[in-house]
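Written out below as structure tokens is the structure these notes cover.
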Amino acid sequence: MSTASNRVSTQIVDEHKQFNNELPKFMQSVGLLDAGFNYHVVAVLGSQSTGKSTLLNNLFGTSFSVMDASKRQQTTKGIWLSKANNSPILVMDVEGTDGRERGEDQDFERKSALFSISTSEVIIVNMWENQVGLYQGSNMALLKTVLEVNLQLFHNKKERCLLQFVIRDFLGNTSMENLADTIMTDLNNIWASLSKPEGFENSVINDFFDVGFTGLPHKILCSDAFSEAVDSLRERFVDNNNSDYIFNVSYHKKIPADGFSLYTREIWDTIENNKDLDLPTQQQLLAQYRCDEIITEVMEPFSTACTILQKEFLPGNLCKDLPTKLLNMFETVIEAYDRQASRYNVHIYQKKKQELIASVDSHLYVFFQAQLNALHKELIKSFFDASNEFPSDTPFKESSSIKINELVNKMREEGESLSLPHVHWDVDPFILKLSEELTQNSETLCKEKLKEKLEELFTGFEFEVSEAVEVAFQKLSHNVWDTLLNEFLAAQNTTIEKIKNIVPFYVDIDDTKTTEEYIINFKKNSWLFFRKKIDSEMSEVLLQQRLRVYFEELFRYDSDGMPKLWKKSGTIDRDYRESLTKTLDLINVLASIKVSDGNYPDLNVDIKTLEPEYTSPASFFTILNRRRVSDISVNFKRSADLIFMDCKRSVINTTTRIPPYFWVLLIVLGWNEFMAILRNPFVFMILMFGGTVVYGLYISGLIWPAKMVLERATNNLVDLATDRFSNTYQEQVQQRAMQRTEKSGSPVASADDAEAEKTALS
């Protein structure tokens, strides 16, 4: 660096042919790293000490080292690079030829010329006017190298380059046209002497080069004229509106500024290692390398954005504004890539762009998938919630189908909103999965809803039938089955009609087969429930109780429900026989469920589909088999006999009369006692209260139970008093025995006395 503080110039190749790897920093410092194609490269060639650096400093405002006038020695060593002042032009100052420092070593001269023409758009050939026409002095040997190199590198692409000859110390004695003709003659002679590739044997120099000529007066002797000529030439370099603007579009090497450092390094390494220089291949390699670098650069902030976005995704939740976020992330990374990589080889740029899109696709697809999976769960939940609010007057299937289409469209809309340019994310698998699950859930819900409705109907049916059975068995009669069957069949038919109306709401309207299946199942279940309820109401204990109630109502009460009062034993015997016969007949009626004509009811279902134990209607409708009928009849008759004996005893007690003379004697002999009782209010009140209680018990028929309770209570009191007395007496006997023992000293006798007393007490 000639000026390290602002990096105005840098040596890219030193005198030892080593390339400077700090060139990217230089490009950054001069503000050209992001210039893209908006920059130009100019190189100067010429003999040593001919004022090349001075020309560049005056022309472009650079600060290359210049020769000390008092010392005729080499100042520019290697290849230096600087940026033109206020213009995006990279100026390359190349070590001069014919220097005594290198002598006969022409290797660097050839390599620097090859490097210059490979990287520059314009080659400034600096020469003195008095050197024109001379082979060595006019740099014809160097120009031959330039022409050979250009033909070698660009014959396939026919890229053009400008050779801008600057004639120094131009006096004007010989016109510029004549000087130009002389130089062109020499160039044509050199071109004709070159060995040309096949197909270019007849080519001329103007097929590959544009040649320009400019004369500059003496810098010291004609300083003002020199400055004016330099200013005029500078305008041609910096003003693109100038009619003689030097930088033609065809001159540009199409190397983006951010790849210039890498490109020049690879070019120099190839030249230095004496390899065949294939610039198109080098440009492709550069494009591939730079595109990879750019992808790495743009993927760093993209990966960071992905990490941030991932934190916004709570498990199973939707991410708000995800389509906008994904699109912004996608466009940001692609635009950043396009902004830098689009300047390179189009084929490589497009190929790498597709790789970048694929990488971005794989990263963003995770969010696409997570969003649709979260939406899937949300839509499934919303379907279940909505199913509870479906209109009651619309078939569930129809409402379900409408809702499924609505939710599937939401999934499709969300998937399409997440789509990105040049990226195809297939939402169909997510739609198919959602549709299948919703359809499956719909069918499940249909079955559950229908099951709930049918269970609700069956529960109402069970309640109605249970109530009818319980009421019927509370008051048994010989036509109990007719009554029960009428109520059962009425409830069954009503429920069947409801089933016919409900089932089409949850299955296809035309699916009559399913409706029939539900009706048949209901009939089976209804008959089984009816039979089960009958069995529970006709258990051994309940049946005995109800038969006893039925018997007592016939035996104890008349047709008006009033208790019977028997005065003759013959009457009670007749009533007993009639009541017993009717009750035993009722047992036979209850044994089988039959209608009044003696036939079994019509099941309207296949008996074999009910339960394995039922093989025929007779087996289903038979509640009590012959053995159970016999057992129940025997047990009941025993109970009936007890009731009869109790009633018979009460009749006998009632009919046994006290002699009339007894009442006369009672009045005569007990007159004084009667009067004493009547005169004593306390005793009279006790007698009145006792008489009222006894009369009430008699009227209600509870006199006998009350008598039994009183006798039992009296016996308990007597037993309790006896135990207390016995215990007290035993204690006294033991005490007396102990006292006797102390006096007589004979415990055996005392024990015998105690035992004797105890025996006597018992």
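Note that Cβ sites are derived from N, Cα and C of the backbone, with glycine treated the same way.
Per Swiss-Prot, the residue from the list Ser616, Ser746 bearing the note phosphoserine is Ser746. Feature region 'Disordered', per Swiss-Prot, maps to range 736-762 of the set 250-276, 439-465, 736-762. Below 8 angstroms of C-beta separation, residues 563, 676 of the same chain, each at least six residues beyond the ends of the transmembrane segment (682-702), sit close to that stretch. If you draw a 10 Å sphere around the CB of Gln48 (GTP binding site), it holds 19 other CB atoms from the protein chains shown. Fewest Cβ neighbours within 10 Å among the binding-site residues Gly46, Gly51: this applies to Gly51.
Annotation note: Ser47 (GTP binding site) sits in a strand segment as assigned by DSSP. DSSP classifies Lys52 (GTP binding site) as helix under the three-state reduction. When pLDDT values are averaged over the topological domain 'Cytoplasmic' (1-657), the model yields 83.
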